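Here is what TrEMBL records for this protein:
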DOMAIN    58-93  domain 'Zinc finger Sec23/Sec24-type'
DOMAIN    97-361  domain 'Sec23/Sec24 trunk'
DOMAIN    372-475  domain 'Sec23/Sec24 beta-sandwich'
DOMAIN    489-587  domain 'Sec23/Sec24 helical'
DOMAIN    603-689  domain 'Gelsolin-like'
Amino acid sequence: MATFPEYIAQNEERDGVRFSWNVWPSSRLEATRMVVPVAALFTPLRERTDLPPIQYEPVLCSRATCRAVLNPLCQVDYRAKLWACNFCYQRNQRGPQMPLVFLYVVDTCMEDEDLQALKESLQMSLSLLPPTALVGLITFGRMVQVHELGCEGIAKSYVFRGTKDLNAKQLQDMLGLTKPSAAQGRGPQASQQQPLSNRFLQPVQKIDMNLTDLLGELQRDPWPVTQGKRPLRSLGVAMSIAVGLLECTFPNTGARIMTFIGGPATQGPGMVVGDELKTPIRSWHDIEKDNAKFMKKATKHFEALGNRASTNGHIIDIYACALDQTGLLEMRCCPNHTGGYMVMADSFNTSLFKQTFQRVFTKDVQGSFKMAFSATVEVKTSREIKVCGAIGPCVSLHAKGPCVSENEIGTGGTCQWKICGLDASTTMALYFEVVNQHNAPIPQGGRGAIQFVTQYQHSSGQRRIRVTTTARNWADAQTQIQSIAASFDQEAAAILMARLAVYRAETEEGPDVLRWLDRQLIRLCQKFGDYHKDDPNSFRFSETFSLYPQFMFHLRRSPFLQVFNNSPDESSYYRHHFNRQDLTQALIMIQPVLYAYSFNGPPEPVLLDSSSILPDRILLMDTFFQIVIYHGETVSQWRKARYQDMPEYENFKHLLQAPVDDAQELLHTRFPMPRYIDTEHGGSQARFLLSKVNPSQTHNNMYAWGQESGAPILTDDVSLQVFMDHLKKLAVSSAA
């Protein structure tokens, strides 16, 4: 019989689902006493080799709250090519296969070297797009230019003021766009009007050369920038026009708005800082003191854009490359609500940006992009359980149903969510509530079932449905508590609780979130720990719970909950990726992986602890966002003395190369590409390692008797040992 870890691994491999509990308490009362809610991490498009698609497209009702599938009970009007949904009576057209749409929104207020590197990356991307994909271009500086790509031999564009926002109707009138509802399904009339709506979005195969030339000719924004001033950058209006353009021409069709910015918005709607360089962009200190005068208004502007884009199934990606902040905090709703990518780098000329951007267009073995568009995820549950909500790159479709709980967690009050953009690693956290009453026992051997229905537009243009159905056993928590405890998945539970904490951190004070997290951990220890009252030394945790407190310790110190030493943009960037990555990557973000390289044997994983930092070791740390190679004091001295260049020290040369080779493998596979840091004992960038390890040795206890050799950390943070001692004391206390 398979063990629980094997059972969990098999289910994750097959379904892409990891539950916090794999046996469920059979009543609402007992479920609330479990501390960690019944919840799941669900990866809708997890890669499987044994999953051939059925060779026809599902035909769905176009009403967002229905989405029922065409069936024999529907009435079909063959002459008008319409069918009536038998559930909501909506009249639907049989839509054609839709092309992919890519709209580039390019900032021209940057240094020539940066702009040149960006232009080359954009020209390269054209060669990676399918020939039938539609592509458009909007550039912006002080003004916003919408480029008409259908013109032969002449560069034509519409210029808009960067200080005035436009709604979709105004944009439609100004650009002479057709209204999509009038243009679809009307025979000859539609074919005559189709080119009109495509003047700004043309097939790659048709305008490849023209657009390559146009990109090559892009110049830095011509408006003069006086000394001590920032360039006037109309980012808010440019993004608003991009959203409006797609809204008017391709509603409810998979499309990507790819925004490339080299600095913050400094004028018009969405501005995050003034043009005076002496006035810095807001910091966390300013936000706490309510001294960020542009923040609320800018956030509201970008939140409205994110909601408009998600309503139409359009993705907004943000590539922010600058040494200073660019306003990701205010813009975070755009990628977070639409499943878009958020990439942060120092310059468009770095390999971090170039490699990451190229990986967006990675293809699978069939030659299709590893991206899906305009997806909806629906959850159906058996009657004993209801869905409370979801946390991830999604928005609610406000679909009430019998399986929707009144208790909301994250984006709740619905059983359907929209994810405009997703890939094989996009993972939602879904939270459930057991609603079965204590006095209504479930028969022996009963199982609770949850079905996930994911409908999406494949990159080939087809609409597809993937259905994942999973079930778990019920157990009476009064008589079978050991069975429930043995089913605990501490890794999944840690990520699910972490997502909840990060979600709360967006609206609550940092210390309040930490206190909530600590209370939940203490309650879990009291419920499932083995101890004698008021005797901390007697506390024991079973193997299935033993790593959970350690995960919580590292989560408390992580940049997801600690904003000290991070800018608001960096915090938004870290939280964005944490809320969309799968379990393995999210665990690395919370508790980085540390490998040691020495002459004593092959590379080995070591504790994320200051005692692992030894003079004769090289350490490789993977935090997901950074790959750090740290050379111990002795190794660093040998390297400076160039021993690796001497033939008799060939083995030292191999030792230096081994972590570099392993780091390269990670750099070549991860999205987004991590920052690569090569440092040494005493180096300024050694802080990346020292801030992550458990400070078991500090400047306060470095001379204590019996201490292991290792590097003392200059910090007042408590160590894992002190944290665990306090946790045990609180868990066993009679007063608790």
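Just so it is clear, glycine is given a Cβ too, placed from its N, Cα and C backbone atoms.
Stretch with the most C-beta contacts under 8 angstroms to the domain 'Sec23/Sec24 trunk' (97-361), considering only 372-475, 489-587, 603-689: 372-475. According to DSSP, the secondary structure content of the domain 'Sec23/Sec24 beta-sandwich' (372-475) in residues is 0 helix, 60 strand, 44 coil. For the domain 'Gelsolin-like' (603-689), the predicted model reports an average pLDDT of 96. Counted with DSSP, the domain 'Gelsolin-like' (603-689) comes out as 43 helix, 21 strand, 23 coil.
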